[in-house]
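Following this message is one structure expressed as structure tokens.
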Amino acid sequence: MSMEQKELTQTPLLKIWVPGMGSSLGQRRGSSRPQFTNCPTMIVMVGLPARGKTYISKKLTRYLNWIGVPTQVFNLGQYRREVVQTYKNYEFFRPDNEEAMKIRRACASNALKDIANYFTKEQGQVAVFDATNTTRERRGVIISFAKEKGYKVFFIESVCDDPEIIEENIMQVKLSSPDYENYDKEEALVDFLKRIDCYKMSYVPLDEEKDRHLSFIKIFNVGSRYLVNRVQDHIQSRIVYYLMNIHVTPRSIYLSRHGESELNLLGRIGGDTGLSSQGQKYAKALAEFIRGQSIKDLKVWTSHMKRTIQTAEALGVPYEQWKALNEIDAGVCEELTYEEIQATHPEEFALRDQDKYRYRYPKGESYEDLVHRLEPVIMELERQENVLVICHQAVMRCLLAYFLDKTADDLPYLKCPLHTVLKLTPLAYGCKVESFYLNIQAVNTHRDRPTNVNVARKPEEALQTVPEHL
Amino acid sequence: MSSTEDVIMAIPRELTQNPLRKIWMPCKNGLPEKHISQKRVCMTNCPTLIVTVGLPARGKTYISKKLTRYLNWIGVPTKEFNVGQYRRECVKIYKSFEFFRPDNEEGLKIRKQCALAALNDVRQYLSVEGGQVAVFDATNTTRERRATIVRFAEQNGYKVFFVESVCEDPNVIAENIVQVKLGSPDYTDCNTEEAIQDFMKRIKCYENSYQPLDENLDRELSYIKIMNVGQRYLVNRVLDHIQSRIVYYLMNIHITPRSIYLCRHGESDFNVRGCIGGDTGLSPRGKEFAQCLGRFIQDQNIKDLKVWTSQMKRTIQTAEALGVPYEQWKALNEIDAGVCEEMMYEEIQEHYPLEFALRDQDKYRYRYPKGESYEDLVQRLEPVIMELERQENVLVICHQAVMRCLLAYFLDKSAEELPYLKCPLHTVLKLTPVAYGCKVESIYLNVEAVNTHRDKPENVDISRLPEEALLTVPAHY
């Protein structure tokens, strides 16, 4: 029996080869998205209050979304705050508080319902259930729920006995919680510690023996030790790897583009030219700025392209070249101006404006490809402490989107002007951003999305938002 | 600020692009200056000593060899030092398990000497020969022995990472013994029954003094404890990037029997014309191959086969003929030949004779202008290898350079051999893990195709004549 071989066509936006006229996507046998998992996964946090569960939940969710796995956090505390409008004190969490117990169980049930909805109606792939889940009974409920629905379950337990770490946690994120709006710091701390005590009596940690059939990772003392049990699939393996690489040591990440390049001046994209005279001035200014910041053990990373390396050279310190940090490959459009692209590839130019994140240049890359390429860079940035990354516009947008939790739609339009350093410092659940313009003039290379993205548009409409150049 | 404390303004050095690797490097008077670090996987300043721990038949040597193969493939110079081999060199003939009895004074003396000899060679490799990772493969079951090793490492400035394998499943242990112990030089003159019996007694000799790595007593050490062949892991104090990568790798490998099938797309239109790269479709013979491949796969009756392709038309066309779902990986795309894309070798020689010669001088590290090198390919393919390790039965339909890289990983080929591995069209390689290595079966599906393999010509000098350069170009239409 011979298989009839359908002709293949290349989809215009993603540049993916598909059988037939490209319309019947449903019949496609070839998936071009990496298959992380076949069925939805529930990640279930476990641990006493102030053990970093919400920190881990948010960070993990940010990472998974960035690499293209639709993920959402379901924080039980938030459900509770919606039901019990005003928090009085720790007594709500006393194990003998029947009424509160009822409310808390109802909240958990609602959260699970929302999770089911997220998977079935919203195409979610991973749901992070952020709650204490400290009893075997509660975990049993979750496991039954998941089994019934056909979801995989992966537990993440954070165990910590260091009172300093716990107090630091409380200071960083609990005192500013809506629960403690009307408390002063001292009182809040006292109340929260009593809250933790309410859970301690009934806390049953995941057990190597009794829970040996479950899939989980136990994190001890903020990462000095891990116990990993029964990793089932690719996504769980990636999650474990990620969790084992993150840390909470204070540090800052500096992101900057190379100094203005010769091609920047001419309004041309891509290529591998050197710095313009303004660009060279910037490199010197960057060196001064870095010295002024007095950064401990700073690592400096560049791409393999001349302009980032030239910029780094001015710093007079060792640096590491990463090919993965190279600018997006514009394929056949390399070294063209936007005007030339419009003239020679008007359809491509329009498609790019329609979906700038997924659009792949002919014989080139898309932002989506870039994110995939940059994943090892992000992983290493997580491992490192103080780092200065000297890179390129599209690359910097991708890295920034990771740190600031920007969506795929926002990412390609993030503003990353030349001659500006962004200093990112992790803070509470997010990232503080400070922007330093080093006062060296440069061209603007940011092209906004024009109003008309239709293939039939006029050249003027397409070129409306092209920034000025020589 | 005092005038004597002048701020040293760095004068940016001129940059020059290394002609082979296309890496921008600072230079003085036109000559490359002190090497600026390229992103090397092993971002550690000092060498690492990996130390296995565990009773006999727990997979220590399996892990050592596999890990060494992986690290070398990703570019981290690694070597394993198996103490058992040192012992065999010292004690020419193995008599029986009695050698390993804990009360055998003479045996103990010899074994200690062997361990020290191995450590000496480790020092030679790491401190003198430029090795980056050494895998010290022995039982190392006592705290005392491990302390000796830690002291040795401290003296020499090496980081230590322990890999302990703990297994109580008698089936797994029995299978181990059958797979790798019976064929050991120690048991050449024994029959199977005798060998198994002796080996079990050998294990017993270690059991009494075995002190596994302990969560409390050893909490300052860096280690991974692997329990029951990967069902559970305990990871303690991962210090740096390379240890993190090692942990990730160890947590992804498994020993479930399976096979990996590697093949190239069917013959393409460009293949027929002798052009490299591009994104063309299959020739008529290529289409025939795709059909044959479909039949071959069906006949093999493979359980739960996954099929992977690149995102290039020719591999996808090939997969389409199989009539099963497949996954497209951009990482499996053929090596990017940059400015030489879609050229024939004759054209490359005509337009870029210098590049053509440089490529022949060092095919592994040579990067096409605006393109890639084999070295870049390996880095690009690392996530594919990682996922192949996780998976079971997989068919990878890819390209010549890509297939060479994957094959080199499975068959432990060096960077020098890799770019010249033979991966002809219309031939499926079936790789099946066996003992410490990989069995290869080559199945030619009997559909004619052009040869695309270009051997290294004799003259690789840039001053060579065109004929000398084109000597080994395979025939094409």
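Yeah, the Cβs are placed from backbone N, Cα and C, and that goes for glycine too.
So TrEMBL says this about it:
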ACT_SITE  B:HIS265  active site, tele-phosphohistidine intermediate
ACT_SITE  B:GLU334  active site, proton donor/acceptor
BINDING   B:ARG264, B:HIS265, B:GLY266, B:GLU267, B:SER268, B:ASP269, B:PHE270, B:ASN271, B:ARG314  substrate binding site
DOMAIN    B:43-257  domain '6-phosphofructo-2-kinase'
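Describe the structural context of each listed feature in the structure shown, including burial, neighbouring residues and relevant distances.
Around the Cβ of B:HIS265 (active site, tele-phosphohistidine intermediate), the same chain contributes B:LEU282, B:GLY286, B:THR309, B:MET312, B:ARG314, B:THR315, B:GLN317, B:THR318, B:ILE397, B:CYS398, B:HIS399, each under 8 angstroms and 6 or more positions distant in sequence.
Sequence-distant contacts of B:GLU334 (active site, proton donor/acceptor), defined by Cβ-Cβ distance under 8 angstroms and a gap of at least six in the same chain, are B:GLY277, B:SER310, B:MET312, B:CYS398, B:HIS399, B:GLN400, B:ALA401, B:VAL402.
Classification of B:ARG264 (substrate binding site) by DSSP places it within a strand.
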Check each residue in the chain of B:PHE270 (substrate binding site) that is at least six apart in sequence and keep those whose C-beta is under 8 Å from its C-beta; list them in sequence order.
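Expected: B:ILE276, B:GLY277, B:GLY278, B:THR280, B:GLU342.
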Output, ordered by sequence, the same-chain residues six or more apart from B:GLY266 (substrate binding site) with a CB under 8 Å from its CB, or 'none'.
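Non-local contacts for B:GLY266 (substrate binding site): B:LEU282, B:SER283, B:ARG285, B:GLY286, B:LYS287, B:GLU288, B:PHE289, B:ALA290, B:LEU293, B:ARG314, B:GLN317, B:THR318, B:LEU425, B:HIS426, B:VAL447, B:ALA449.
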Applying a 10 Å Cβ distance cut-off over all chains shown, what neighbour count does B:ARG264 (substrate binding site) have?
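The answer is 29 other Cβ atoms.
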Specify all same-chain residues, apart from the site residues B:ARG264, B:HIS265, B:GLY266, B:GLU267, B:SER268, B:ASP269, B:PHE270, B:ASN271, B:ARG314, whose Cβ lies within 8 angstroms of the center of the Cβ atoms of the substrate site, ordered by sequence.
B:VAL272, B:THR280, B:GLY281, B:LEU282, B:SER283, B:GLY286, B:LEU425
Tell me which residues of the chain lie with their Cβ under 8 angstroms from that of B:SER268 (substrate binding site), as long as they are six or more apart in sequence?
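Listed in sequence order, they are B:THR280, B:GLY281, B:LEU282, B:SER283, B:GLY286, B:ARG314.
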What is the number of other Cβ atoms found within 10 Å of the Cβ of B:ARG314 (substrate binding site)?
30
